[in-house]
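Enquirer: One structure, as structure tokens, below. Some questions next.
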Amino acid sequence: MAPMGIRLSPLGVAVFFLLGLGVLYHLYSGFLAGRFSLFGLGSEPAAGEAEVASDGGTVDLREMLAVAVLAAERGGDEVRRVRESNVLHEKSKGKTREGADDKMTSGDVLSNRKMFYLLKTAFPNVQINTEEHVDASDKEVIVWNRKIPEDILKEIAAPKEVPAESVTVWIDPLDATQEYTEDLRKYVTTMVCVAVNGKPVLGVIHKPFSEYTAWAMVDGGSNVKARSSYNEKTPKIIVSRSHAGMVKQVALQTFGNQTSIIPAGGAGYKVLALLDVPDMTQEKADLYIHVTYIKKWDICAGNAILKALGGHMTTLNGEEISYTGSDGIEGGLLASIRMNHQALVRKLPDLEKSGH
């Protein structure tokens, strides 16, 4: 008896043919995707969207700069609002190494909440270090509209993608808290810095009370520039108010009696003093020197801005500062721009010793 045959209708043939094509397309496209991934190729992400990968993905530094500027300004709004209300809820977190009160206010806390959650919502896969404690129960969802401001697009025309796991963000929600409590408003800043593999690559310093914002990206662009000239022989040196006398003694020995010392609050303010800043409240200096322990969120943004403009910020021994690991540095710091930085380091051999 002859075997029974299987007969398909024309519709069934068409269905099987289409299913076969679908399977082949799926296998072939998966093969191509794997090859493209192997060689680092693939389609470009849509404008304003960072590419996502299984290992945490990448982030666009241009987008991070846009969010950092927004975060610094939003935090600054809180800082200004609290100060103008004159209800600071001031308290001490403990003592600094020099024995002074390490103060905190509502301005610090509310600014920190705005800045941290804006950055964390926009870039959930990056590490964020901030000066103030983040209370998970007090979470605030702030959504970025994914628009990059025109001034940033003008300076940085193309996206700059880096692995998210290589990024560390440093936030200072209120720099110069001591001066803030004394109502010395010109010294107060909010700051955001992005470091890649420990190197500072973009920085934002915002002055809430004059509403001025400086930003810069290394190998990218900036909205601030260096001044046309600096006095290297008898420089004006800006230092912390708490140890101005200590630095003055050594500076006079090093540079002579014509050297002047500018006592000031806030690391952000001191870095801006080295630049061409269109703010009438901003003092001008040629060098920034710090001789005691300092936290990285105080200096990372300024370091990135100086580096982007061709300047330098190192320890007093001339060592580059890494923005990974611990949250502070022991070796003091020297910041300069358009000067022979290493020659200055050699002139200041005793400052670190005198600061401890």
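All residue numbers here begin at 1 and follow the chain in the order shown.
Including glycine, each Cβ sits where the backbone N, Cα and C put it.
Model, not experiment: these values are computed from the prediction.
Take a look at what Swiss-Prot says about it:
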ACT_SITE  Asp108  active site, proton acceptor
ACT_SITE  Thr177  active site, proton acceptor
BINDING   Glu131, Asp172, Leu174  Mg(2+) 1 binding site
BINDING   Glu131  Mg(2+) 3 binding site
BINDING   Ser240, His243, Gly266, Lys270  AMP binding site
CARBOHYD  Asn257  N-linked glycosylation site
MOD_RES   Met1  N-acetylmethionine
REGION    84-104  region 'Disordered'
TOPO_DOM  1-12  topological domain 'Cytoplasmic'
TOPO_DOM  34-356  topological domain 'Lumenal'
TRANSMEM  13-33  transmembrane segment
Enquirer: Let's check the environment of Ser240 (AMP binding site): how many other CB atoms sit within 10 Å of its CB?
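Expert: For Ser240 (AMP binding site), the count of other Cβ atoms within 10 Å is 23.
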Enquirer: For the AMP site (Ser240, His243, Gly266, Lys270), what does the 8 A shell look like? I mean other same-chain residues with CB within 8 A of the CB centroid.
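Expert: Apart from Ser240, His243, Gly266, Lys270, the close residues are Ile238, Val239, Arg241, Ser242, Pro263, Ala264, Gly265, Ala267, His290.
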Enquirer: So around the Mg(2+) 1 site, Glu131, Asp172, Leu174 aside, which residues have their CB within 8 A of the centroid of those CB atoms?
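Expert: Counting only non-site residues, the set is Asp108, Ser111, Asn112, Thr130, Glu132, Ile171, Pro173, Asp175, Thr177, Thr190, Met191, Trp297, Asp298.
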Enquirer: Quick one: largest C-alpha distance among Ser240, His243, Gly266, Lys270, binding AMP per the record, in angstrom?
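Expert: Pairwise Cα check on Ser240, His243, Gly266, Lys270 gives a maximum of 14 Å.
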Enquirer: About how far apart, in whole Å, are the alpha carbons (Cα) of Asp172 (Mg(2+) 1 binding site) and Asp108 (active site, proton acceptor)?
Expert: 9
Enquirer: Taking just the CA atoms, what is the gap between Gly266 (AMP binding site) and the residue listed as 'N-linked glycosylation site' in Å?
Expert: 26
Enquirer: Cβ neighbours within 10 Å, counted over all protein chains: which one of the binding-site residues His243, Lys270 has the most?
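Expert: Going through His243, Lys270 one by one, the largest Cβ count within 10 Å is at Lys270.
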Enquirer: By the DSSP assignment reduced to helix, strand and coil, which category contains Lys270 (AMP binding site)?
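Expert: Where Lys270 (AMP binding site) sits, the three-state DSSP reduction gives helix.
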Enquirer: May I ask for the distance between Thr177 (active site, proton acceptor) and Glu131 (Mg(2+) 1 binding site), taken between their Cα atoms and rounded to an integer number of Å?
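Expert: So the alpha carbons of Thr177 (active site, proton acceptor) and Glu131 (Mg(2+) 1 binding site) sit roughly 12 Å from each other.
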